[in-house]
Amino acid sequence: MATKFPKFSQALAQDPTTRRIWYGIATAHDFESHDGMTEENLYQKIFSSHFGHIAIIFLWTSGNLFHVAWQGNFEQWVAQPMKIKPIAHAIWDPHFGQPAVKAFTKGGASYPVDITFSGVYHWWYTIGMRTNNDLYNGSLFLLILSAIMLFAGWLHLQPKFKPGLSWFKNNESRLNHHLSGLFGLSSLAWTGHLIHVAIPESRGQHVGWDNFTYTLPHPAGLQPFFTGNWSVYASDPDTSNHIFGTSQGAGTAILTFLGGFHPQSQSLWLTDMAHHHLAIAIVFIIAGHMYKTNWGIGHNIKDILDAHRPPSGRLGKGHKGLYATITNSLHMQLGLALASLGVITSLVAQHMYAMPPYAFMAKDFTTQAALYTHHQYIAGFLMVGAFAHGAIFFIRDYDPEENKNNVLFRMLDHKEAIISHLSWVSLFLGFHTLGLYIHNDTMIAFGTPEKQILIEPVFAQWIQASSGKALYGFNTLLSSSSSIATKAGSSVWLPGWLEAINSNKNSLFLAIGPGDFLVHHAIALGLHTTTLILVKGALDARGSKLMPDKKDFGYSFPCDGPGRGGTCDISAWDAFYLSVFWMLNTIGWVTFYWHWKHMTIWQGNVNQFNESSTYLMGWLRDYLWLNSSPLINGYNPYGMNNLSVWAWMFLFGHLVWATGFMFLISWRGYWQELIETLAWAHERTPLANLVRWKDKPVALSIVQARLVGLVHFSVGYILTYAAFVIASTSGKFG
């Protein structure tokens, strides 16, 4: 008899119902639970899958390069980056009528195309690419790299090339290699690319495979490096009237500390970025030589952790026991990695617009909006994933004996205090923020807008002023012309910073007022509530007063049978499930705020945001409703325009989102009855009953149906907003 799916679970493979298929898919990546899985095999499988993951990423980016080179307008865009819209790829669609063909033929193309809002053109241009040939070369290189990665993944599954368990758990060696090799050397290599290729290209000097071996990136060559006269590399930077991509106004400096932005491209100075990457390379290469391996010198991480014991003794044993706990728990490691990556992704969203690294991207408003929204949503999913794996760690990997009286033990011991404080903060923020908004709504509704409660964010304004913003008149630190910091700053470090922070050509430290104060606290409410749900889920994952034996039921269970009241919806998975709704809610507020404020700034109409953002009807009417007109009018019986595809996607996103509720509200019994009725009808219908099934159809479990509902809710929510952001922004700014 042929073995049935899933091969990794004998018990599931013998299940006579459709549960076999759905549970098989659900547990396909839960390697720990597979039949005959050993710890060593688990590590080897995960290690090999990393190579596959990297191969997919390289294949995807290779495809981007290839399609732009083949069907895009990169060379035309390079000639006029401010005037021409960058093309992602051609559209072939048999449904297109003549009006559609006409509407989507744009960006200088002679056929229907998709415009890209990803910023890749700006990135490729900034790093020195100028021709379609450059793009094809990059595409081919990544394709070869992708094939090598696939081979490496396969190779590391072969008996001779499978690393042993001790290799995976050798933390010091791994840290040294990752810090020095992965971060250090790759940063050094990137510095090399910027200095040898990107900076010369930005000054109108082409450097390619044909001439890079004998083209000096700096007229003085390596002499200043070996003689210690490093300041030569910083002297003669590009001037403020430098035309990007030409020699007009160009300097010779390669490593600078100018601060601020290139006046024409409104992006960070390339020479500043080269300096930044060189500094990071040096720091990480040094960091990668800190840990003790084959030679008896350097730090031992276990010793460091064990030494972290607060001297008063009131905080228990500190970090003692963490070394073994983290080393032996993949979920703990994944949780830490996801949390770090989540924070850095949100920082990327912030810095990509406040300090754009790519030439001319600051003037492509739709790209700015799309990238901010994209990175904030990704950050949200990474953060909730971190807590999910933190909870799985507590259920599957936490050893109370190993962690006696240390920081993990004490977190669990004090969980009531932690959870109740988060609850108190969430309640305080929620009631006060909503109270202020509703008061203001009522005052506007009764025709007395002057009675609104409007609070100036004075502390935030003071922080902006101390960073150099002169607008508020605080006259403190960098915003005071007589302070030591200002005097040092204007001559020694970052002379361009003060000009940039007080310029209205960028999004650095935007002026803030009462509307910002309110939405800031609404976002704080969302963050604290999401955190409350996630922290409670992880800290109660092993057990609670209501259900002390919870850990024995695993990560996701619906209830402990009908006979034990109150045990439904309290698994760690349910906490994750609830948190995703709050995470989406919060990031919705974050992106609404960012987008509306920027839309009004770009339109030269910032008063609209300042006046309408202090009450809820203002948000609904002047942001959502007002900006949805290109989506509501995207197509009609009389014709369409080039936003019609976004209008359709806006509609489709709502549909997907609404489908989620069908699974979230009606539970398993409803579906089971429906399935049995349909099966009965099928078996009695001529012709249809010739089609039989081997597996008895049964409804999804409660947990699975919730997942299906959650996925539809999330995908629909994000798709709807993505269409809204792109259509409303590109509809106004072309």
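Cβ coordinates are placed from backbone N, Cα and C, and glycine is handled just like the others.
Per Swiss-Prot, the features are:
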TRANSMEM  46-69  transmembrane segment
TRANSMEM  135-158  transmembrane segment
TRANSMEM  175-199  transmembrane segment
TRANSMEM  273-291  transmembrane segment
TRANSMEM  330-353  transmembrane segment
TRANSMEM  369-395  transmembrane segment
TRANSMEM  417-439  transmembrane segment
TRANSMEM  517-535  transmembrane segment
BINDING   C559, C568  [4Fe-4S] cluster binding site
TRANSMEM  575-596  transmembrane segment
TRANSMEM  643-665  transmembrane segment
BINDING   H654  chlorophyll a B1 binding site
BINDING   M662, Y670  chlorophyll a B3 binding site
BINDING   W671  phylloquinone binding site
TRANSMEM  707-727  transmembrane segment
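What Swiss-Prot annotates, mapped onto the structure for a quick look.
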residue	record	DSSP (3 states)
C559	[4Fe-4S] cluster binding site	coil
C568	[4Fe-4S] cluster binding site	coil
H654	chlorophyll a B1 binding site	helix
M662	chlorophyll a B3 binding site	helix
Y670	chlorophyll a B3 binding site	helix
Across 46-69, 369-395, 417-439, 517-535, 707-727, the most C-beta pairs under 8 Å with the transmembrane segment (643-665) come from 707-727
Express the distance between the Cα positions of the residue listed as 'phylloquinone binding site' and C559 ([4Fe-4S] cluster binding site) as a whole number of Å.
18
Just to verify a number: CA distance, M662 (chlorophyll a B3 binding site) to H654 (chlorophyll a B1 binding site), in angstrom, no decimals.
13
In the structure shown, with every protein chain counted, which of the binding-site residues Y670, W671 has the densest set of Cβ atoms within 10 angstroms of its Cβ?
W671
Neighbour count, 10 Å Cβ-Cβ cut-off, for the residue listed as 'chlorophyll a B1 binding site': what number do you get?
15
If you tally other C-beta atoms within 10 angstroms for each of the binding-site residues C559, C568, M662, the top scorer is C559
Taking the transmembrane segment (175-199) as reference, which of 46-69, 273-291, 369-395, 707-727 has the most Cβ pairs under 8 angstroms?
273-291
Apart from its near flanks, which chain residues at least 6 from the ends of the transmembrane segment (417-439) lie with a Cβ under 8 angstroms of it?
411, 452-453, 455, 518, 521-522, 524-525, 528-529, 531-532, 535-536, 539, 614-616
If we check Cα distances from the residue listed as 'chlorophyll a B1 binding site', which of the binding-site residues C559, C568, Y670 wins as closest?
Y670
Look over the recorded stretches 273-291, 369-395, 575-596, 707-727 and say which has the most C-beta pairs under 8 A to the transmembrane segment (517-535).
575-596
